[in-house]
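Summarising the annotation, Swiss-Prot assigns substrate binding site to HIS139, THR140, LYS282, ASN291, ARG300 and lists sequence analysis as the type of evidence. Summarising the annotation, Swiss-Prot assigns divalent metal cation binding site to HIS174, HIS219, HIS274 and lists sequence analysis as the type of evidence.
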Amino acid sequence: MKSAMTALALSVGDPSGIGPEIAIAAFLAREAVGLPAFYLLADPALIASRASRLGVSVPIVETTPALAAQVFARALPIVPLAARFIDSPGRPDPANAAGTVEAIDRAVAACLAGDAAAMVTCPIAKKPLYDAGFRFPGHTEYLAHLAARHSGVEAMPVMMLAGPDLRTVPVTIHIALAEVPKALTTELIVATARITAADLAGRFGIARPRLAIAGLNPHAGEGGSLGLEDEHIVRPAVDILRAEGIDAFGPLAADTLFHARARAGYDAALCMYHDQALIPAKTLAFDDAVNVTLGLPFIRTSPDHGTAFDIAGKGIARPDSLIAALKLARTLADTDKKAAAA
């Protein structure tokens, strides 16, 4: 059982990126920003080395998940990994891949065992992982694999970008724009919307979520004159969702979907492709947008940026998005717990 004293698990990400230093910076700002307790899954020597490079003093205590919340007020709790890292900021090394993956594995296991209220992931880079034999497209797909392996639940992970004023969900994600019309199906839209509505209700505490469904084509196709996908694929999905009692409406023209008055009318916007979802989310909340993975049997958030190898180790990386991810993970965990007890 996840109690109020159960800390969040934070995986360190690629140690050559900014993950270690934004974790340090977030911890040092914990009192000023009201940060919930977390423990870092990492190599303690890496964190000490990075703090030294940055010229900052951070107290570190090696601990267990059960004791992390008690430690957090006085020191950065680190649950040590078996792997050891090479501290090479800005220079990714496949030798660090095993530890990067171990941190993710242990965060998932902690969530499923009740040893973490939720997991937050610092950014990873695909190439050093691929060079070491990792064969998953990215974080999200690997998390779905782990969820199935640990719990027997086949998960369909759904990506959400959540900011203070907007939540967006891309139905198709990391594929070329030219491939989107072929990948987009009524069934995929319906499945994505169902998961979004369920998590908005269960974890975000929104009793009757309102889903705005964006059209694929300019002006949502203008009745078929600018493409048939909105009439033949998107609109049938909306009809199915409404028949199921989900408050979905659309297809809506994307060019007028994200201004303030429009945003007041929905709780999340389902977008048909990656940039349709991420451009408005990052424009409105570049520093504090959070990536939330819906549809998993545990809560996972992450900062909405990458490893930033170009600035790693220079002391200029901002922890804002990680702080937002930690806070949102705590909120979602608390809401999920209340919903489960109701």
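Cβ from N, Cα, C; glycine included.
All features noted in Swiss-Prot, drawn onto the structure.
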| residue | record | CB count, 10 Å |
| --- | --- | --- |
| HIS139 | substrate binding site | 21 |
| THR140 | substrate binding site | 22 |
| HIS174 | divalent metal cation binding site | 11 |
| HIS219 | divalent metal cation binding site | 17 |
| HIS274 | divalent metal cation binding site | 18 |
| LYS282 | substrate binding site | 18 |
| ASN291 | substrate binding site | 24 |
| ARG300 | substrate binding site | 27 |
Study note, to complete from the structure: Students should find that the Cα atoms of ASN291 (substrate binding site) and HIS174 (divalent metal cation binding site) sit apart, in Å rounded to an integer, by 14
Point to revise | Mapped DSSP class for ASN291 (substrate binding site), helix or strand or coil | key: strand
Study note, to complete from the structure: HIS139 (substrate binding site) to HIS174 (divalent metal cation binding site), Cα to Cα, whole Å, comes out at 12
Check your understanding: Closest to HIS219 (divalent metal cation binding site): which of the binding-site residues THR140, LYS282, ARG300, going by Cα position?
Key -> LYS282
Practice item. Measuring Cα to Cα, tell me the gap between THR140 (substrate binding site) and HIS174 (divalent metal cation binding site) in whole angstrom. Key: 11
Practice item. Please find which two of HIS139, THR140, LYS282, ASN291, ARG300 have the most distant C-alpha atoms, given that the record lists them as binding substrate, and give only that distance in angstrom, rounded to a whole number. Key: 20
